[in-house]
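> Dumping the structure here so I can ask a few things about it.
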Amino acid sequence: MSSQEASKMLRTYNIAWWGNNYYDVNELGHISVCPDPDVPEARVDLAKLVKAREAQGQRLPALFCFPQILQHRLRSINAAFKRARESYGYNGDYFLVYPIKVNQHRRVIESLIHSGEPLGLEAGSKAELMAVLAHAGMTRSVIVCNGYKDREYIRLALIGEKMGHKVYLVIEKMSEIAIVLEEAERLNVVPRLGVRARLASQGSGKWQSSGGEKSKFGLAATQVLQLVETLRDAGRLDSLQLLHFHLGSQMANIRDIATGVRESARFYVELHKLGVNIQCFDVGGGLGVDYEGTRSQSDCSVNYGLNEYANNIIWAIGDACEEHGLPHPMVITESGRAVTAHHTVLVSNIIGVERNEYTDPTAPAEDAPRALQNLWETWQEMHKPGTRRSLREWLHDSQMDLHDIHIGYSSGAFSLQERAWAEQLYLSMCHEVQKQLDPQNRAHRPIIDELQERMADKMYVNFSLFQSMPDAWGIDQLFPVLPLEGLDQVPERRAVLLDITCDSDGAIDHYIDGDGIATTMPMPEYDPENPPMLGFFMVGAYQEILGNMHNLFGDTEAVDVFVFPDGSVEVELSDEGDTVADMLQYVQLDPKTLLTHFRDQVKQTDLDDALQQQFLEEFEAGLYGYTYLEDE
């Protein structure tokens, strides 16, 4: 593939921007993965890797996870803050605390811990805190405890502090402080506390409710003052060491981040005036990733990079400190999405394709109803040279005629054959109009979008949207989707992707298309009998954890892929995926009991013994098989 062709494909799918140097198109037109851009010779052809795994028995769909991407993301964020601190003369430390709610899988947590980079862990529930405490011995032991807390949660955190870890119990509700003080006295431990301030600043987009005065979490200004006095009266004011705020999970606009940090810096200044020695400044999450590759302020993009993010935070905090003669606090970010999103790709196979094929239409019978004649006359007019009617008018006339035919069919005025002929002719007319439209003509763009959606191939993909990409369904989030091969060809077709659940919501509605978003996906020409595998990229944050069991489709298989500079690749199975039996047990349906009931039914039939045994074996094999569709 020429460099010009490769450049065009990169622009079509915006790979150069959302791929972030981890994903690229190689000379074969295949997706290439480079888990560590600092070691460019360590890369793997993803299409070839998947096919090799399939030959060894790998089932699809499957998650292909690249732990080296996790580690590179962590290094990159740490490096950005190091540069920012050096640039602005900032004397405080920086610490990334990974919020495990983003992806609690052991492979993720341990890959980050073993990266060799400074790392803390954040918990938002008792279960998460137990996981964090168990792993705390492997890292520098900074632990941040967020979320609602009962007595057991608080005791666990204090036990961690008693064991020598730095555990910051962030006060989110005033009711928590009394329990903290009681249990700290019982355990004879000095608590290490933080306060989450509820800012007036608020971001925009899908996660804007995390910030602002109506936020679910955090203390208002009056409550912050009340907390300070409560701790002062208890002789524990020195325990309040961390200031925390959180604007949202995916902040698209750097201006919103800068505004929030400046406001929170005022809290830092005012708390010091009250005698509170705040030592840590936790700006929470918000560091977004560019799912679209548009570098914009849209909900699924960001208009900044790591360096600009770090610069804005360090400058704003440092400036407030310099103005008021205060020490530079340690800065903490809880950048879970930015660390994990890129490292996982869901790969699946297309199990069926419904394509709109175009044939040369034949004239209707001479005595055909008027609506059929009208449709045919419009078709003929479209092919006459010098016609003065617009493309839009042709399209509108044909749509009205087809509508009349559908109405007439319902009342018996048209036969099934006549309806089929009309629909096929209308399809050909749409195709003819589509060929003559000019994307550069602003007036044509709505028609282009309408026809692309109408004419797109329907691709039925072996996956559950609800299990593997729940945010695409729940909040209409966009993820990069494209074939793993065939990217050396011009994307002349359009497609929509449908999952295998029995739910009309199981469809992807938005796709990357150059610098914009479309309702259909650009596709290179392909063999409908042997369609390409598809990759769903950047699903490493939240998707595995939020996935649900709609239609009892379970977790997919997952493999960890390690790529080395000599070209060698090491693959480890990290999750075997759920069986049908696993999913049935989740809903209190015992597989053994079901097998017994099925066996009883089979025995009551008049089938011969061999057939009965065959049916029983097939049922039992299905119970312990994959929940997704499998090739025979």
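In case you wondered, yes, glycine gets a Cβ from its N, Cα and C as well.
Relevant sequence annotations retrieved from Swiss-Prot are reproduced here:
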{"type": "MOD_RES", "residues": "K101", "note": "N6-(pyridoxal phosphate)lysine"}
{"type": "BINDING", "residues": "F281, D282, V283, G284, G285, G286, L287, G288, V289, D290, Y291", "note": "substrate binding site"}
> Fill in the CA-CA distance, V283 (substrate binding site) to K101 (N6-(pyridoxal phosphate)lysine), as an integer in Å.
17
> How big is the Cα-to-Cα gap, in Å, between L287 (substrate binding site) and K101 (N6-(pyridoxal phosphate)lysine)?
15
> Under a three-state reading of DSSP, tell me whether F281 (substrate binding site) is helix, strand or coil.
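Its secondary structure by DSSP: strand.
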> Could you measure between Y291 (substrate binding site) and the residue listed as 'N6-(pyridoxal phosphate)lysine' for me? Cα positions, answer in whole angstrom.
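Between the alpha carbons of Y291 (substrate binding site) and the residue listed as 'N6-(pyridoxal phosphate)lysine' there are 20 Å.
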> Looking at the binding-site residues listed here (F281, G285, V289), whose Cα lies nearest to that of the residue listed as 'N6-(pyridoxal phosphate)lysine'?
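Nearest listed residue in space: G285.
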> Once near-sequence residues are set aside, which residues in the chain of F281 (substrate binding site), 6 or more away, have Cβ atoms under 8 Å from its Cβ?
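Set apart from F281 (substrate binding site) by at least 6 residues yet with Cβ under 8 Å, we have G92, L242, L243, S264, A265, Y268, I317, P329, M330, V331, I332.
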> For a quick check of packing: other C-beta atoms within 10 Å of the C-beta of Y291 (substrate binding site), how many?
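For Y291 (substrate binding site), the count of other Cβ atoms within 10 Å is 24.
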> Provide the number of Cβ atoms within 10 Å of the Cβ of L287 (substrate binding site), excluding the reference atom itself.
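Within a 10 Å radius of the Cβ of L287 (substrate binding site) lie 26 other Cβ atoms.
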> Which is it, of K101, V283, V289: the one of these recorded positions whose Cβ has the most other Cβ atoms within 10 Å?
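By the 10 Å Cβ neighbour count, V283 comes out on top.
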> Once near-sequence residues are set aside, which residues in the chain of G285 (substrate binding site), 6 or more away, have Cβ atoms under 8 Å from its Cβ?
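Listed in sequence order, they are P99, H246, G248, S249, T333, E334, S335, G336, R337.
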> Which three-state DSSP class does L287 (substrate binding site) fall into?
strand
